[in-house]
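Student: Pasting a structure here, questions to come.
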Ligand SMILES: CSC[C@@H](O)[C@@H](O)C(=O)COP(=O)(O)O
């Protein structure tokens, strides 16, 4: 077993990010000192995964204003301008907007106009978001574990793992907890074309943790399910709409359709900051389209004819009716999601909603 890789750290007044674009070949940490560094790290996906993007963006916003000298009004208008700048980095993961808006609100609500005090409050808030993420994921893992059994096989897509969060991951959290409890289980990790987060990240982090992980290409999922090797599909999410429709890495909807066909439960691991009640349905979730080279070039060379037309949506939306349950840190939510997601936010205790 190898030491866990830490995707995000605040150290020596800088944001230290594990560069996820060089994994699994090279483990390289990079210091981000400016908001521009952080913007770039998010866009090129050195840091990625909805919760990690949110945490990085929170620190990034602090970095964007920490050197400002001037009066309260100029500080607040800079904070809002820098918020808008970061908001343009990636559109789908709602955690980004949730985190930077939380920082802006912190400054708006503060009972001081002293800008040095405001800067300190912003850093504190970013650190709090970071710390909360760890606890959220552990609770998601505990809740998911109640739906799973020792001896089973699980399939996951993309990387909703420790590398995508502060710790444990969301969809992978039950795997880490099951391992701690001595369960005997297998994880099938979809390779996840075109960026290969399943092979470069999920297979890597689970293998380093000593978890029994088997890498498959995306088009093998149906075969593996048909052979009875999978008892639950567990995925992360970038944004859950108010009706339960869920945006996650491209290919997730296919996994959900397969799971339904084979009668396998399909669980979405969702921290509450990823649930966006302001977006009514999946149709309103902005879907990022990325560079066509992600599809046409593999391993540093062309794997398609030059100038071929390419469509490269980075996410798809799984319709709510394909989802067995949305598992959050506060509890497990069942259909009807529109009604039950609202209840989840209305109440504060641990609970199961809708079953
Ligand atoms: C806990 S991470 C959840 C999602 O963000 C994850 O499943 C995913 O789709 C990541 O996409 P990415 O494009 O790598 O940022």
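Cβ atoms are placed via backbone N, Cα and C, with glycine included.
Sharing the record's features from TrEMBL:
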{"type": "ACT_SITE", "residues": "238", "note": "active site, proton donor"}
{"type": "BINDING", "residues": "48, 49, 50, 90, 197, 248, 249", "note": "substrate binding site"}
{"type": "SITE", "residues": "158", "note": "site 'Transition state stabilizer'"}
Student: Filter the binding-site residues 49, 90, 197, 248, 249 down to the ones within 10 angstroms of residue 238 (active site, proton donor), Cα to Cα, kept in sequence order.
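Tutor: The binding-site residues passing the 10 Å Cα test are 49, 248, 249.
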Student: Please give me the binding-site residues out of 48, 50, 90, 249 that lie within 10 Å of residue 158 (site 'Transition state stabilizer'), comparing Cα atoms only.
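Tutor: Neighbours among binding-site residues, in sequence order: 249.
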Student: Excluding near sequence neighbours, so keeping only residues 6 or more apart in the same chain, what lies with its CB under 8 A of residue 248 (substrate binding site)?
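Tutor: Sequence-distant Cβ neighbours: 157, 158, 160, 235, 236, 237, 238, 268, 315, 316, 318.
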Student: Counting other Cβ atoms within 10 Å, pick out the least crowded of the recorded positions 50, 90, 238.
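Tutor: 90, out of the recorded positions 50, 90, 238, has the fewest neighbouring Cβ atoms within 10 Å.
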Student: Around the substrate site (48, 49, 50, 90, 197, 248, 249), what further same-chain residues have their C-beta within 8 angstroms of the site's C-beta centre?
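Tutor: Sorted by sequence, the hits are 53, 93, 158, 159, 160, 164, 236, 238, 314, 315.
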Student: Under 8 Å Cβ-Cβ from residue 48 (substrate binding site), six or more apart in the same chain: what's there?
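Tutor: Those within reach of residue 48 (substrate binding site), by Cβ under 8 Å and sequence separation of 6 or more, are 20, 42, 159, 164, 197.
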Student: Given the substrate binding site residues 48, 49, 50, 90, 197, 248, 249 in the record, what is the largest Cα to Cα distance, rounded to whole Å?
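Tutor: Pairwise Cα check on 48, 49, 50, 90, 197, 248, 249 gives a maximum of 17 Å.
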Student: Output: those binding-site residues from 48, 49, 90, 248 whose CB lies less than 6 Å from an atom of ligand 1, in sequence order; none if no residue fits.
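Tutor: Correct list: 48, 49, 248.
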Student: Under DSSP, is residue 50 (substrate binding site) part of a helix or a strand, or is it coil?
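Tutor: Its secondary structure by DSSP: helix.
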